[in-house]
Amino acid sequence: MKLMQELAEIIPGKAYNDVKVMVAMSGGVDSSTVAAYLHRVGYKVIGVTLQLHNNFTSTQTNRKTCCAGSDIFDAKRVAAQFGFLHYVVNMEETFRKEVIENFAESYLKGETPVPCVKCNQTVKFRDLMKIAKSLSVDALATGHYVRRLTTTNGVELHKGIDPSKDQSYFLFNTTREQLEFLRFPLGNLKKSETRDLARKLSVDISEKPESQDICFVNGKSYADVIKKFRPDAQRPGKILSTDGEVLGTHNGTIHYTIGQRHGLQLSAPIPLYVVKIDAQNNIIIVGTRDKLQQRSLYVKEVNWLDRKELTAGLECEVKLRSGADTVKGYLYPNGELLKVSLAEEPKCAIAPGQACVMYHGSKVLGGGWIV
């Protein structure tokens, strides 16, 4: 099986029973299957689950978010079923400050944030790596659908082979040092194959549905989450046309995102879209679809993973949203920013706060945040 071939390379040249692996267990099918399989074939497995928000005591089973209270119990249940060590680490304070509050502040600035990237960058990789080192393990394995390939140029991050499950967009901020230590056993599998393996192993939660929502939103609107941290966030303001004409009013910029068409409550003979959010002046600017079209953008805080130097004019494929197709682009370093010139109009709106991830084929070259 392809999974076995991948697992066999966790630490090349070492017997399975001589390798200690920490598995980041979210309580879902994917990471539970990784932990169960590694344990079954002989690895010394330690499962670690992060308690990220204060619903730990909840045992609801119909939640469709990751890291819910019931997920922690599921992770503990799988560890008990297979007989390996499992720890729960309380990271609520860090998660609140670095993920939830960052999410709220980003929306207040008129951006459209991607909290899952921030979560992976901070508590799920940076802090899990510290825990792994403290436990003196040889590697940290996760249930992400990406691939880690060792080449003559070093370790590289690649897309998972299943396009519908590939999570490389959310992991662009992984560092080279982290990649040396991380393992992604599911990168060569389709989701259906993972679930089949879970059934074959008789994992208790093999039929558990996938998580779909942002974990801390939990059925609420994004605005509800933001208002919890900033009660003053919902201030009424003007909706203007691109020509400066007042078309209506809004009930807070936090309710809008670039490219949004529905919910504007405007009477117009043609469809109008949000083309700009001026959060500082509390103004929403709308226009026709062509006003969204642009062929260049700037990116900040670039994490460059490729071993080759980032030079002006480098050709690559660019992904501007997690569910969007890639578009051919050219990269031009510009001081602290990176200019990205696109060969064609992207099908999605370019929104500040979203991640821009660059690829060469399946390889992740790097990425950053759209400004």
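Note that Cβ sites are derived from N, Cα and C of the backbone, with glycine treated the same way.
According to Swiss-Prot:
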- Ala24, Met25, Ser26, Gly27, Gly28, Val29, Asp30, Ser31, Leu50, Gly143: ATP binding site (BINDING)
- Cys119-Cys215: disulfide bond (DISULFID)
- Cys119: active site, nucleophile (ACT_SITE)
- His144: site 'Interaction with tRNA' (SITE)
- Cys215: active site, cysteine persulfide intermediate (ACT_SITE)
- Gln354: site 'Interaction with tRNA' (SITE)
Given the recorded positions Gly28, Asp30, Leu50, Cys215, which lie close to His144 (site 'Interaction with tRNA'), meaning Cα to Cα within 10 A?
Asp30
Local Cβ density at Gln354 (site 'Interaction with tRNA') - other Cβ atoms counted within 10 Å:
25
Using Cβ-Cβ distances, find the residues under 8 Å from Asp30 (ATP binding site) that belong to the same chain and are at least 6 apart in sequence, listing them in sequence order.
Gly143, His144, Tyr145, Leu186, Lys191, Thr194
Cα within 10 Å of Ala24 (ATP binding site) is the criterion; apply it to the recorded positions Cys119, Cys215, Gln354 and give the hits in sequence order.
none
Integer Cα-Cα distance in angstrom, Gln354 (site 'Interaction with tRNA') to Leu50 (ATP binding site):
25
Hey, what's the Cβ neighbour count for Cys119 (disulfide bond) at 10 Å?
26
Which whole number of Å gives the largest C-alpha distance between any two of Ala24, Met25, Ser26, Gly27, Gly28, Val29, Asp30, Ser31, Leu50, Gly143, the residues noted as binding ATP?
16
Look up Leu50 (ATP binding site) in the DSSP assignment and report helix, strand or coil.
strand
DSSP three-state call for Cys119 (disulfide bond): helix, strand or coil?
helix
Distance between Cys119 (disulfide bond) and Gly28 (ATP binding site) at the Cα atoms, whole Å?
17
Neighbour count (Cβ, 10 Å) for Cys215 (disulfide bond):
23
About how far apart, in whole Å, are the alpha carbons (Cα) of Cys215 (disulfide bond) and Ser26 (ATP binding site)?
11
